[in-house]
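Record features, source TrEMBL:
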- 68-177: domain 'ABC3 transporter permease C-terminal' (DOMAIN)
- 21-41: transmembrane segment (TRANSMEM)
- 61-83: transmembrane segment (TRANSMEM)
- 117-143: transmembrane segment (TRANSMEM)
- 163-185: transmembrane segment (TRANSMEM)
- 206-224: transmembrane segment (TRANSMEM)
- 236-259: transmembrane segment (TRANSMEM)
- 289-315: transmembrane segment (TRANSMEM)
- 536-561: transmembrane segment (TRANSMEM)
- 595-617: transmembrane segment (TRANSMEM)
- 623-650: transmembrane segment (TRANSMEM)
């Protein structure tokens, strides 16, 4: 057959199905754009140049963007395949007509290949061009998030572009192969009549219902009962998998089960409004349950990503200030018997040589080690090779003289008495505490203020224990009972603030001077740590926003296609209801209430999922940063309301298309 004719048939087919094809091309182009931007950032000279980080923490950005690109790739395969399924649904009658008119399967395959080529080329070209233009804007936005100065110039990644084009060409190729196999296995007459086949009333899938109920209860129970940060890591993913299974199972089987119960209630069911609603909803849910469950999961993903990203952004400075209470910090192991005055003198000399003006200097000496807390509350030696992180604690030990010096108090202790602070256990005065096999009486519960400035940020996953003991002799006696000490040693902390005018060059001189001192020490500068912090959490925030946007677009696309699908179905239902004697207003009211119930059920379920998961997610985030409960809950409320507003807006916009299909005009 003439190739020009086949080409015209392909263009005509696309034109006739433009209401389904154009949104698919735009959504596909957006997915291509996101992938192109992420891959271009990995290869960007503004982040890594010749394998060297352009700024501190740039390698962290590359790592998170790489992970994000993998997620986008997996998502793209699922997302584009789903959209392709709906586009193909609109083509079935047309392809069946080609067969009836005498076109061979080879000719039909050629038409489909040409249509697929036009769709894929349009999507990839639009996505790559948009990605190339947006890339610079995204670099500037990323720099703003991670507190880096703006850069000038453009950057185009040929490698990122080639990978994007090849990857999406393969994805669209897989979709085409699936379409060709579907048509080759189909019968033209069956394709023509695919929308007119009678349906049986759906039955309740009890096994699926039981699985859904059990997995939902287990998922919610895990989320609500988790109290430990380390347990939260494994439990979060368990709960997510269980709730995802439950969502699909209960949307598919649970919805039919509830509607069947309503049908059995004769007083309720045999009212005109309820009779029509329940009957129609039963068939709606049979066809749309899996799609609505997908909307629910995607909506939960959008809310989750936005809440976590917002929490990271809002709590950034608060976390930096809580982890680094002083601008400059010196840490040293006090194995050489150097006095605190000598440490102070070295810092004074270094500050003077660097020409730095310092203030608020504090000097602290303390013993630090890792320990375990048993089920009965005893403090035990840490067993090397043990991975029971849930019982692990960071142990700080002070003498009474050190405690009184740091706090300005005048506490006293008799033999066998201690003062105690515990972040993970209730402390009561008068109780006994077994430490390394010896019993001590707790004289008083103390606060963490005596040492909270020296708490090691790298150990923030573990609860702290502070023990104040009578004197050095008692301290040595206690510690000698722990021969398997993990990292136990005396430490010295010197912290002070510097003026805003202090330069990195001055900090460099300060560090060089301290390194030459007669003891080993590390010096941490808060501004350096701020750069590292924002490179890590800024990268997470950046990728999180991208993924949330992608999931949102997927949600919008599914809603749009569902509205169109429902529109074609409801056009027939509207005619049947009108012929059955219902007025146009009554028929519209019945159909509108069903559609609204069906489309708002997923977002309501998503918000419930997020509320139940809030505790375990907060604990999970606590592994990487301090999470203020009030701020986190506020983020959930704000993000949920904004998402609900956007969802409603999308629903209202797509409803116009729906009403045009059903009634031939906007309702």
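First residue shown is number 1, and so on along the chain.
Cβ coordinates come from backbone N, Cα and C, glycine included.
Where the annotation comes from TrEMBL, it is an automatic prediction and has not been curated.
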Across the domain 'ABC3 transporter permease C-terminal' (68-177), average pLDDT on the 0 to 100 scale: 83
Top Cβ-contact partner of the transmembrane segment (117-143) among 21-41, 206-224, 623-650 (pairs under 8 Å): 21-41
Any contact, the transmembrane segment (61-83) to the transmembrane segment (206-224), with at least 3 Cβ pairs under 8 A: no
CB contact flag for the transmembrane segment (536-561) and the transmembrane segment (21-41), at least three pairs under 8 A: yes
Beyond the flanks of the transmembrane segment (289-315) by at least 6 residues, Cβ under 8 Å: 82, 145, 244, 247-248, 251-252, 255-256, 537, 540-541, 544-545, 547-548, 551-552, 554-555, 558-559, 562, 598-599, 601-603, 605-607, 609-610, 613, 617, 621, 625-628, 631-632, 635-636, 638-640, 643, 647
Residues from the same chain, set at least six apart from the ends of the transmembrane segment (21-41), whose C-beta lies under 8 A from its own: 14, 47, 61-62, 65, 68-69, 72-73, 75-76, 79-80, 83-84, 86-87, 119-120, 122-124, 126-128, 130-132, 134-135, 138-139, 142, 155-157, 159-161, 163-164, 167-168, 543, 546, 549-550, 553-554, 556-557, 560-561
DSSP-derived helix, strand and coil totals, residue by residue, for the domain 'ABC3 transporter permease C-terminal' (68-177): 94 helix, 0 strand, 16 coil
Cβ-Cβ under 8 Å with the transmembrane segment (163-185): same-chain residues at least 6 beyond its ends: 28, 32, 35-36, 39, 73, 76-77, 80-81, 84, 88, 95, 105, 108-109, 112-113, 116, 119-120, 123-124, 127-128, 131, 191
